[in-house]
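J.: Here TrEMBL flags Cys71, Cys75, His163 as Cu cation binding site. If you look up TrEMBL, you'll see Cys71-Cys75 marked as disulfide bond.
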Amino acid sequence: MIQRRRKSVLIVLAIVLIAVAAGGWGYQQYLADDGEPEGGGFTLPSTRGEFSLSDMEEGEIGVMFFGFTNCPDVCPMSLSVIRQALQRLEADRADRIVPILVTVDPERDTLERLDEYISAFGDRFIGVRPGGEAELNDLADRYGVSWRKVDVQDSEMEYTVDHTASLFLVDRNGEILSEVLYSPAANRLIDTLEEEFDAQEI
């Protein structure tokens, strides 16, 4: 009886693991083919005009997230985490954070739509829109981000987008200072930002 029960538990666990692996593609963490993502600067249209990382001041840290406005859960949660970090950090450090949303759905996310979306999280956020898939692929590849369209049957949305859910901490040169894996709580992001700001003061 005990052996049969253990066997049943193992079968259930195997089914759960397979389901998670099949359904969780979009929110796994990915690295570039050659190991660490290279990052790098960019200049792209944004909700504040043409935006470049080099526009940031020395000592500022960009918190960059790749997402889209029709994202049902992970994207608003991640942007809320950034907002919480801004609220909980000391003012002199919070003022040196530049929150950036790069859309992985430039087909639907116009600058107007991005502006409306990010305004719900505060007036500090910047929405960046690559010009198309080629431009998006270049930027995503350099930051180790994977994304793909997934058809949604019988829905007005027509498709959704699976994508890497990390937050990337970058400097004005596009160097990736840290990659913060997805978490619905802000503690991990806050701790990492504190470490980066501490390192600046050494």
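For all residues, glycine too, the Cβ spot is worked out from N, Cα and C.
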J.: His163 (Cu cation binding site) has how many other Cβ neighbours within 10 Å of its own Cβ?
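T.: Taking all protein chains shown, His163 (Cu cation binding site) has 25 Cβ neighbours within 10 Å.
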J.: In DSSP terms, helix, strand or coil for Cys75 (Cu cation binding site)?
T.: helix
J.: Restricting to the chain of Cys71 (Cu cation binding site) and a gap of 6 or more, list residues whose Cβ falls under 8 Å of its Cβ, or answer none.
T.: Thr160, Val161
